[in-house]
């Protein structure tokens, strides 16, 4: 009974995630303590202390700038991804072209594309562009898979009742795609943050988490480099969770039903 209860607790996402984070902190602390001083690896508590001491004057202002750029990139990337998926749905012959363009966008190394965009448009636009680039493919693929998830039997029923192609799309396929779209939107959040941070890191602007990372790296401030990475990771995790909660609220029919034995 105890083993079964422990196994069930670990399967729970919240418990499993907490155990994983605790284990990571323990490993991090041990490595920071045992590694030679030539390796710049502060303890997690040193980084947390730096966040606490400089939150309002350093971390929050830079984070606000990054979130602004990531938000715009997230918006434009999702709009482009949903538009591409809709185009594939309406004109199936374009699917191969659209998906190949999506694959190409995903294969482009952002550290190579970024400097070109910086030279052309400036650093702020680069952050938004790279953020949108990392969001686009995820959302497009999720939306296409969602639009295709409707069973043939359901579509046949619509046809049997006199529905046409647009009736199937509007009343069946679009609704059926919503859970998959929310899953894609959730997965795209960390990509949006990453693209914005990398765009800032490449230069051309004077504020943001990426700029702060570059400055801390030049100063060899290990506490601050790791602290900024922690902040970016926590914000990505928070955004991922919030979009997931909205998705669960908006798609109650997609939740697995629980029946008492």
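Keep in mind that glycine also has a Cβ here, set from the backbone N, Cα and C atoms.
Keep in mind that what you see is a predicted model, and the values were worked out from it rather than measured.
Per TrEMBL, the range carrying the annotation transmembrane segment out of 48-67, 128-147 is 128-147. Same-chain neighbours of the transmembrane segment (225-250): 40-42, 44, 47-48, 50-51, 59, 62-63, 66-67, 178-179, 182-183, 185-187, 189-190, 192-194, 197, 209, 212-213, 216-217, counting only residues six or more beyond its ends whose CB sits under 8 Å from a CB of the stretch.
Taking every listed stretch (12-35, 71-91, 128-147, 174-198) in turn, the largest tally of C-beta pairs under 8 A with the transmembrane segment (103-122) is reached by 128-147.
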